[in-house]
Amino acid sequence: MQDQYILALDQGTTSSRAMLFDRQGNIVSIAQKEFEQIYPRPGWVEHDPQEIWSTQAGVAAEAVTRVGLNGTSIAAIGITNQRETTIVWDRETGHPIYNAIVWQDRRTADFCDQLKAQGLSEKVRAKTGLPIDSYFSATKIRWILDNVEGAREKARQGKLAFGTVDSWLVWNFTKHELHVTDVTNASRTMLFNIHTLDWDDELLDALEIPRSMLPQVRASSEIYGPTKTTVFASKIPLAGIAGDQQAALFGQMCTSSGMVKNTYGTGCFLMMNTGETPIESQNNLVTTIAWQVDGKVNYALEGSIFIAGAVVQWLRDGLGIIKSASEIEALAAGVPHTDGVYLVPAFAGLGAPHWNARARGSLFGVTRGTTSAHLARAALDSIAYQSLDVLKAMEADSGIRIGELRVDGGASANNLLMQFQADLLGVDAVRPRVTETTALGAAYLAGLAIGYWKNVDELHSQWQLERRFAPSMQREQVSSCLCGWQRAVRAAKAWADDTQ
């Protein structure tokens, strides 16, 4: 396998990407193609499943051919994907019966309220680790069965298949032979029992979803089967699958209990490895599966922040303070601090650990002396404050003091933000040399399954530091900053609650 590579397919919310990795974990080639976002009604978000497949197959071929290689140069394929997004297709024709309903879609919010009113919340959380929410796949499947003509009858006859995006890609790569998913994607459906590691019949009955629709659940690192499409002339083992955030946790080599990563994108996704025992959160975090490798399941706590990098986009597009997102660091660095200004970017409510849907964006402490630089700094600081709130909830739930924070995603390139994050947390923020950790994680999982890499220890030896940000702020100053932030969050919530 000396001259072979691992192909990672990263099927995201706005684009399909493919990356080739060599044995040292370096990116050899990369290809990307965006696809259409479909908004049929306010709060509804859909994708065309055929476009998901065509763009992903296209970039897979492009990444390989652009460096003069072919399928024989690929040792294995790993898949990572946007989670929860729901596709239902006809087993006989292989065609979707409706568009993919995306994780952001809120059309089933009222139905979720009905499930809560039936007293199902505790049962769902105990079995799946998840709150009842339209974010997850279960109610999206139910909506398709209830609203697509003939769907319920076809499902009863066993003619329909459900899958998250990974399942849909594998189904197509194997010419409709394999209907599988992995434990990480299954754990995001609200139908999978994370303790028994099987679909939960009681929840399937409650949601009136036939078990025959569901894929077989497999480990995150194993050979599922060979490709059979014309995308590649040779058959390549499909050998790794993980949801995007779990893949990033693995790509960051957070393989020990208590290790944490934060992906700074449009929002933030924080995940802590909690080892081989699931921890039920008392602080509004999600309990989920991190991965299953070598027969062992690792669990994780996860917290999502709705607005992170998006606050920078707002400064650019909404206020016109900056012309491009990259300008914010220099502007914010023009002042030593915010001078008491706090921005709570609750443009779409507050995510973990607050989960307040009514809260709205709020700005506090503004004076005549407040400048665009202060606003820019307050915007960056808000990302670090929100992340700290989730990290403190993780520490409280797990009883583990975080030793360091591994960071990735677009906004992790902002040195000012990373330094402030380290200052608030009181431990180092650590940025790796390869920040494409999601694709890297998928590559690692596939490579382990075929022996391309011997074991996790070999992968640990590859992880390389790009920069370490050590805390430098006095703790008294940190405490003062945090008091101001907590006041601002309380006020933002109070404003939302006081509608009189």
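Using N, Cα and C of the backbone, Cβ positions are placed for all residues, glycine too.
According to Swiss-Prot, the residue from Thr266, Thr367, Thr370, Thr371 that belongs to the ATP site alongside Thr13, Thr14, Ser15, Gly309, Gln313, Gly410 is Thr266.
Glycerol binding, as stated in Swiss-Prot, involves Arg83, Glu84, Asp244, Gln245; the candidate among Tyr39, Tyr135, Tyr224 given for that site is Tyr135.
Counting only same-chain residues at least 6 apart in sequence, those with a Cβ under 8 Å from the Cβ of Thr13 (ATP binding site) are Gln82, Thr85, Val102, Trp103, Gln104. Listed in chain order, the extra residues whose Cβ falls within 8 Å of the Cβ center of the glycerol site residues Arg83, Glu84, Tyr135, Asp244, Gln245 are Gln82, Thr85, Trp103, Arg188, Gly243.
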